[in-house]
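Participant: From TrEMBL, for reference:
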DOMAIN    26-312  domain 'ABC transmembrane type-1'
DOMAIN    346-580  domain 'ABC transporter'
TRANSMEM  61-83  transmembrane segment
TRANSMEM  144-165  transmembrane segment
TRANSMEM  171-188  transmembrane segment
TRANSMEM  258-277  transmembrane segment
TRANSMEM  283-303  transmembrane segment
Amino acid sequence: MFIMNPKLIFKYYWPHIKKYKKSGILAFIGYGLGTLALDAGAPLLYTRIIDTVSSSEDRSAAAGTLISALLMLGAVIFAYNLFYRAADYAMAFCQSHIGKNIADDAFSRLQTHSYDFFSNSFTGALVARVKRYVDAFETIHDQIVFTIWMHGLRLILGICVLAWFAPILGGIFFVWLVLYTTITILFAKKKIKRDLLETEANSKVTANLADVITNILNVKMFSSQKKESAIFAKATDLEQRRLKDALYFQNIQFTFQGYFIGIFEFVGMYAALTLWIDGVISAGTIILMQIYILKSFDIVWNIGRNFTRTMRAFAEAKEMVDIFEKPLSVKDPENPEKCQINEGYIKFENVSFRYGDGGDIFSNLSFDIKPGEKVGLVGPSGAGKTTVTKLLLRFADLQKGRILIDGQDISRITQSDLRSNISYVAQDPILFHRTIRENIAYSAYGAGEDSVAEAAKSAHAHDFILNLPKGYDTLVGERGVKLSGGERQRVAIARAMLKDSPILVLDEATSSLDSISEKHIQDAFDNLMRGRTTMVVAHRLSTIQKMDRIMVFDKGMILEQGTHNELIQKNGLYSELWREQSHGFVGG
């Protein structure tokens with residue numbers, strides 16, 4: 001069931017609006033004065049001109065009155081333009097600044113969600129939601145200023161003028177306006193449900209498009225263009241059907257509103273002519289009343305259309321607000337402790353963890369890694385090796401137990417403090433679409449060129465970087481696609497080296513490297529790991545033979561642990577994996 005809550009949406013917009021309320025108020029005043037000048041002054045002057053022309057037999061005597069009216073009309077038009085242009089500048093200032101702040105805030109709030117949230121969300125859909133959320137503010141803001149404020153002012157002015165010259169007609173118009181507004185709101189409430197469904201379908205189209213573009217290599221490798229086109233067509237077909245449903249309903253609304261307007265136009269003209277026949281009003285007043293009635297019709301018609309647009313904008317904003325309101329699965333403590341990480345002593349204490357409603361990955365898992373110790377994590381696929389690193393980095397929270405670093409519970413410090421003390425090289429490093437220099441320096445803000453180059457040399461990346469067209473200033477492409485897997489890996493390793501943290505986590509860090517590169521950087525890793533607590537997740541056992549200790553995981557438990565030679569002698573799971581592998585690959 002769809003529930004619209006504008007107050008909830010404004011809860012996120014308002015902090016940014018109030019920062020620029022002065023310019024916003026100036027815009028309201030400027031547009032208001034301009035509206036009064038044009039909509040009150042001009043029709044009254046036209047009435048005076050028409051009455052003078054129609055009733056004066058002596059044209060020479062009427063000339064003075066007409067010239068005076070024309071001069072006043074010119075002054076009204078000048079004042080209208082002056083007020084409007086000033087309001088336009090104030091509007092442009094506040095709306096551009098507020099829009100920027102809203103975009104920045106949405107970006108910051110989105111980043112607070114956990115890694116799992118992004119893993120379970122379509123990138124394209126999230127990008128579309130952020131953009132629609134920002135655009136929705138501009139739409140809503142425009143409707144408040146131009147529809148509610150300016151059109152509302154014109155309607156009130158029209159009712160007052162009609163009531164002044166023809167109280168009965170003014171009363172009829174007021175009742176009609178209340179009925180028209182009520183009907184418009186009822187239609188809009190029904191249409192907004194259709195708009196939300198169409199918006200959701202549009203998000204799926206965007207997500208599908210982004211997913212295919214991101215995986216275009218797979219699409220081409222498997223010759224899946226026709227298959228993907230069919231899937232995309234299915235998504236666009238759903239969007240088309242929902243859009244058609246929304247537009248058809250809108251046409252029904254407009255048809256009803258059009259007839260409703262026509263009825264009052266007939267009644268209004270009949271009443272005006274009757275009053276003229278009875279000598280109550282002049283011909284000029286009839287023109288004046290018709291101007292206001294026709295303007296009012298145009299206004300209420302636009303209000304009806306814009307009300308629907310406004311509700312749609314609220315629906316689009318609601319998509320993003322739903323994400324803001326979604327409870328964070330990983331939260332920083334309200335009163336975080338000062339980070340005490342220094343030596344890198346890691347301790348898992350009776351840790352129990354599961355993903356969502358699934359079964360336990362770990363149940364009362366306990367182990368410790370001493371400061372400076374190098375530990376390898378191995379085991380079959382799904383044994384829990386990578387999950388250990390995710391929990392250490394606090395990408396997810398535990399159901400039970402604690403993880404301590406240097407005696408401090410990692411849930412008692414901020415995620416930023418925790419991760420700033422851990423260098424991490426992922427299994428499949430993804431780089432920003434920025435220069436190589438920026439990607440390496442990402443781990444150490446403000447790092448100089450010499451530091452970046454030294455880190456690249458240590459990771460055996462310096463030579464291949466210099467051979468690129470623009471060296472360190474080469475853009476790597478989206479997700480780093482312009483580089484090979486091994487090159488991306490070495491850039492990521494250089495980034496970890498530059499960070500110089502007390503704890504190092506390598507998740508299959510050498511799996512993408514050719515044998516020559518692997519030999520070179522293994523020496524660099526030995527230097528990097530010296531004096532640092534190191535956790536290496538590896539499927540190729542040959543990469544961790546020199547570890548101080550190897551922990552063998554199976555079904556969420558540590559089945560055995562020891563040095564490489566000790567585990568071979570135990571003739572257990574590790575020995576079995578070693579024999580099967582013969583320095584080859586075990587999937588995981």
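Cβ atoms are placed via backbone N, Cα and C, with glycine included.
TrEMBL: automatically predicted annotations, no manual curation.
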Participant: Can you say which of 61-83, 171-188, 258-277, 283-303 has the most Cβ pairs under 8 Å with the transmembrane segment (144-165)?
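Facilitator: Top-ranked stretch among 61-83, 171-188, 258-277, 283-303: 283-303.
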Participant: Do any residues, 6 or more residues outside the transmembrane segment (171-188), come within under 8 Å Cβ-to-Cβ of it, and if so which ones?
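Facilitator: Sequence-remote neighbours of the transmembrane segment (171-188) are 155, 158-159, 162-163, 249, 252-253, 256-257, 260-261, 264, 267-268, 271, 293, 296, 300, 303-304, 307-308, 311.
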Participant: For the domain 'ABC transporter' (346-580), would you mind checking the mean pLDDT of the predicted model?
Facilitator: 86
